[in-house]
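J.: Take a look at this one; I'll ask things after.
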Amino acid sequence: MVMQFQELENPVQISPCHSHTSSGFDMEVMSMKPAKGVLTEQVAGPLGQNLEVEPYSQYNNVQFPQVQPQISSSSYYSNVGFYPQQPEEWYSPGIYELRRMPAETLYQGETEVVEIPITKKARLGASAGRIKGDELCVVCGDRASGYHYNALTCEGCKGFFRRSITKNAVYKCKNGGNCVMDMYMRRKCQECRLRKCKEMGMLAECLLTEIQCKSKRLRKNVKQHADQAIHEDSEGRDLRQVTSTTKSCREKTELTPDQQNLLHYIMDSYSKQRMPQEITNKFLKEEFSAEENFIILTEMATSHVQVLVEFTKKLPGFQTLDHEDQIALLKGSAVEAMFLRSAEIFSKKLPAGHTDLLEERIRKSGISDEYITPMFSFYKSVAELKMTQEEYALLTAIVILSPDRQYIKDREAVEKLQEPLLDVLQKLCKIHQPENPQHFACLLGRLTELRTFNHHHADMLMSWRVNDHKFTPLLCEIWDVQ
């Protein structure tokens, strides 16, 4: 939940056709057969006859730390009755497991020191020197290479988790989900391995989206170009020639007629969808109890969702998408679009001196500082970019039309709608800020921060659920609150 406060004379009501519960969705997750594991390391001696019982029998003279058996937990969702029943492998950008177990080491005792000096051969693919000491992977017990997706893991578990999430893989355990994960069993049971990854704190939202990867490449390219320009300047380039070249590039960078029409259409829809100013004024002018503050914030969020639905319906090409894809895009982007709109209001719409007052009132609404601090940090980082309303509108549309949302059936169709928006945004950045070639990459980089807020929002929902806070039917629908 986040704070929405913007001027709108007439908030719009959501169309009945968009009241669609998550239980009505056709969850189409590709079923993938587990690949047969192959031992990557060559061993000196023959393996034992029974690999299931003695997987390390070739190492008779070496002592290994004992693995603490991990008890498979039942579905967390079914225990709290918070979200609909889904497989544990299922992830959605707006819905995450709400419990993250601490990355505790699975090993009891200390490894015995061998007096004979032994030179260890580095694992292939491991990043030597990234961590101190012989830290162990919290998933399988192999040598860890660093913190990957929020957990200390080896390169193998890092790659396995990334592939499993990006491909929406669904695995099946032959032992009823009771496998004890170690370096041998990780090759035999992918379901238990993926579950162990999640139990140890690995987060799906830490994976970069296609847009975020593009942002990283842009930052790298910009740095290379900047270094090259400095080198050329040091060799005697005339400063006036550089200024002339910059001016020439700015003149050549302009929107095509089709891009101008697209931008006008987006801006017309974005500017019409505003939230009632009286809610914000009420929140700032009067001081309420924590419960009353929560009710006001709920009203703001409801108004935001109504505005978001209307804006989304008017995005060019959105109505041509499959109906289930439309709902998946709307639900998947609701939290991110909400935070982005709030950042615009925080940086541009609030009167001078009201930002600190707003933060103070929100902290008194019962929301933990654990969520409020990164939220306002994000608002301030966005304000530093000095974004125009055109950039806010385009970035919001890009967030909504993200082809990597869960349960999108026709990702190519969504990507075709998103690409023209990215092109227009990139050109606008060159036109408005030619002296700052990194501006476009910085805008896309904010999408990385937005993805992390999905998890914060899920945690907030859980804490409010425990405290028996009530939500409007619209928020229950869009956030899948039962």
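Here, residue 1 is simply the first one shown, and the rest follow in order.
Any Cβ shown, glycine's included, is placed from N, Cα and C.
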J.: Write down the one residue from His148, His457 that Swiss-Prot lists together with Arg341, Tyr371, Tyr379 as binding chenodeoxycholate.
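T.: Among the candidates, Swiss-Prot records only His457 at this chenodeoxycholate site.
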J.: Under Swiss-Prot, which of the candidate ranges 137-157, 389-409 is annotated zinc finger?
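T.: Residues 137-157 are the ones Swiss-Prot records as zinc finger.
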J.: Can you dig out which of the ranges 173-197, 198-222 Swiss-Prot describes as zinc finger?
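T.: From Swiss-Prot, the annotated zinc finger range turns out to be 173-197.
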J.: Tell me, roughly as an integer, the mean pLDDT over the zinc finger (137-157).
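T.: Over the zinc finger (137-157), the predicted model scores a mean pLDDT of 90.
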J.: Per DSSP, how many helix, strand and coil residues does the zinc finger (173-197) have?
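T.: Summed over the zinc finger (173-197), the classes give 11 helix, 0 strand, 14 coil.
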J.: Within 10 Å of the Cβ of Lys167 (N6-acetyllysine), how many other Cβ atoms can be counted across all chains shown?
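T.: If we count other Cβ atoms within 10 Å of Lys167 (N6-acetyllysine), we arrive at 11.
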